[in-house]
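Notes follow once the structure below has been shown.
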Amino acid sequence: MDDNIALSTEAFLKQKSLLPDQTINNVTFHGNAGEYFSIWLKNIIFCILTLGIYLPWAMVNRRRYFMNATEINHARFEYHAKPTEILFGFILTGISLLLIPVLTSVSPTLGLLMMLVVIILMPYALIRLWNFNVRNTSFREYRFAYQCNYMRLYLVVLILPVLLLVVTMVCSVMFSQWYVKVSTGPAVDNVFNLMLVTSIIPLTGLFLIWSVQGKQLCELLVNNLSYNKTAFSLSLLYKRLMLISLITVLLLSPFVAAGFSQLSDLTFLMMIPEEVWTANLRAMVIIKISLFYLLFFCGAMTAGIYFRVSCRTYVINSMTLGNLRFRCNMTYLSYLFLILSNFLLIICTLGFGSAYADIRHARYLAQHIWIIGDMDAISDSNKSETPADLSRYENVVVSAD
């Protein structure tokens with residue numbers, strides 16, 4: 001009898017010790033459309049009145065509102081950023097972008113060089129902004145941190161995609177020349193068939209670039225992120241990302257084919273001299289062009305949303321933070337409905353519904369993301385370093401941001 005009681009007690013204690021690891025911590029978003037609308041409207045008005053100089057304040061105000069409205073396990077995020085820390089970086093970026101058309105009007109070579117400089121510096125500026133947002137975000141009085149290898153950053157963001165793009169372009173040109181060489185008669189004369197066949201390589205290269213760069217970039221951003229000295233971990237598989245990208249391309253392909261079919265009919269109409277065009281013919285040309293853009297927009301929307309939902313779900317479900325596991329159950333149809341309804345809301349309200357659309361989007365994400373594990377273990381793992389010690393980062397000013 002005593003042995004049975006001892007075994008039962010041991011089993012109970014063992015089960016109790018495992019319970020924190022199975023604790024489900026839901027994400028709750030407390031944002032209110034009415035409250036956020038006043039912030040959104042003020043940001044829009046001041047950005048217009050200051051010709052964009054107020055943009056850093058607008059970004060900080062927006063992010064602070066959404067952070068403070070997000071709750072996990074009875075605690076909310078806090079955002080401590082100061083807009084003046086990124087003001088210089090925004091002004092420098094604005095001046096650089098304005099210099100491109102000015103220098104191009106003086107000398108195309110100077111404009112091209114300036115554009116090249118901006119492209120080279122853009123990854124550095126974006127990662128500094130990411131770092132700025134991370135280190136100014138705290139949860140339970142402990143801040144997040146991020147360390148980045150800039151050589152790997154440029155390899156992932158610039159060098160690798162450019163190399164893959166060059167290889168894709170070379171293969172596409174070689175394939176096009178081969179197709180024209182081996183094909184005769186109508187196969188070459190039909191512009192629609194030629195464009196459709198020669199688009200196979202670019203589309204294939206596109207999903208390869210998405211897969212390779214997507215894996216490297218996600219791991220670069222997540223694996224260098226930490227909270228209270230505990231590092232985030234993320235490991236993705238190329239084959240899973242390639243499958244997602246392949247399905248994305250397959251979803252896009254019918255819209256591309258339909259769009260090219262409109263161009264095929266349009267090229268035939270363009271062979272008719274404009275002097276003999278009738279009103280019906282002009283209307284047909286306008287309809288064909290409109291259908292072309294509409295089909296591409298619908299294809300990009302359909303495929304893009306699938307890609308976004310699949311990648312976000314895969315990345316979140318693969319993330320860990322110590323003993324914490326992240327979970328996401330977003331679905332394609334529900335997110336598609338959200339985006340389409342938000343789009344219609346913004347269009348019908350002439351843009352004034354953007355604030356409500358942002359709140360709906362944030363609430364949707366919160367409802368479909370949760371964390372499994374004992375969050376107290378992460379927060380209490382480094383009690384020796386107090387929040388006051390961590391606040392020393394608050395006054396660090398990174399002008400490059």
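Heads up, residue numbers simply count up from 1 along the chain you see.
Glycine is treated like the rest: Cβ placed from N, Cα and C.
Note: TrEMBL annotation is automatic and uncurated.
Within the chain, the transmembrane segment (39-57) has long-range Cβ neighbours (under 8 A, six or more residues past its boundaries) at 65, 83-84, 86-87, 90-91, 94, 354-355, 358. If you look up TrEMBL, you'll see 39-57 (among others) marked as transmembrane segment.
Here TrEMBL flags 86-104 (among others) as transmembrane segment.
Sequence annotations record features per position, and here TrEMBL assigns transmembrane segment to 110-132 (among others).
Residues or ranges marked as transmembrane segment in TrEMBL: 153-179 (among others).
The transmembrane segment annotation in TrEMBL covers 191-210 (among others).
Residues or ranges marked as transmembrane segment by TrEMBL: 241-263 (among others).
According to TrEMBL, the feature transmembrane segment maps to 283-309 (among others).
Sequence-distant neighbours of the transmembrane segment (330-357) (same chain, 6+ residues past either end, Cβ-Cβ under 8 Å): 33, 36-37, 39-41, 301-302, 305-306, 308-310, 312-313, 364-365, 368. Summarising the annotation, TrEMBL assigns transmembrane segment to 330-357 (among others).
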- Sequence-distant residues near the transmembrane segment (283-309) by C-beta distance (under 8 Å, 6 or more away from its ends) are 210, 244-245, 247-249, 251-252, 254-256, 258-259, 262-263, 265-266, 269, 277, 330-332, 335-336, 339-340
